[in-house]
Amino acid sequence: MEATTAGVGRLEEEALRRKERLKALREKTGRKDKEDGEPKTKHLREEEEEGEKHRELRLRNYVPEDEDLKKRRVPQAKPVAVEEKVKEQLEAAKPEPVIEEVDLANLAPRKPDWDLKRDVAKKLEKLKKRTQRAIAELIRERLKGQEDSLASAVDAATEQKTCDSD
C-alpha cells in the first residue's frame with residue numbers, strides 16, 4: 001500500500017510541476033490565467049453575444065414596426081453594374097482574325113529529298129514549256145503532211161473518175 005501511495009504522491013508532484021511550468025509559459029507569452037476554470041470556448045461565446053447585441057440587423061423579408069429596429073436596419077444592397085466588365089470580357093474573349101492560314105505541308109514531316117525537288121522544280125517548268133512547244137510543232141507537221149497526202153488522194157480520186165467517165 002505504501003508503494004501505491006508513494007507512486008500517487010510522486011504523480012501529484014509531477015502534475016504540480018507541470019502546472020507551474022504551464023503558468024510560467026502563459027505569463028511569458030502574455031496569456032491570462034484561467035481562474036474560473038471555465039473552458040475557453042465559453043468566454044468566446046460570451047464575447048460574441050455582446051458583439052451581436054450591437055450588430056446591425058438585416059431585415060430582408062419583413063418591415064420592422066419598432067423605431068429602434070428601424071434605426072438599426074441595414075439599407076438594402078444595390079446590385080453592382082457589371083455590364084462594362086462583361087463587355088470587356090466578351091471583347092477579350094473574341095478571337096483575333098487569322099491573317100495567314102496554316103499550311104499543312106509546312107507542318108508535316110518532309111522527305112529527305114525535298115530540297116532537291118524544290119531546286120529542280122524551276123528547271124522542270126522551263127522544260128515543260130519547251131516540250132509542249134515541240135509537241136505542238138510535231139502535230140502541225142503531221143497535219144501538213146496529211147493535208148498533202150489528202151490532197152493528192154483527192155486529186156487521184158478525181159482523176160480516176162474522169163478516166164472512168166471517158
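Keep in mind that glycine also has a Cβ here, set from the backbone N, Cα and C atoms.
What Swiss-Prot annotates here:
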REGION    1-56  region 'Disordered'
MOD_RES   Met1  N-acetylmethionine
COILED    8-28  coiled coil
COMPBIAS  10-56  compositional bias 'Basic and acidic residues'
CROSSLNK  Lys94  SUMO2 cross-link
COILED    117-144  coiled coil
REGION    147-166  region 'Disordered'
MOD_RES   Ser149  phosphoserine
MOD_RES   Ser165  phosphoserine
Q. Where does Ser149 (phosphoserine) sit in the DSSP three-state scheme?
A. helix
Q | Those recorded positions listed as Lys94, Ser149, and which of them has the most Cβ atoms within 10 Å of its own Cβ | A | Ser149
Q) Cα distance, Ser149 (phosphoserine) to Lys94 (SUMO2 cross-link), nearest Å? A) 75
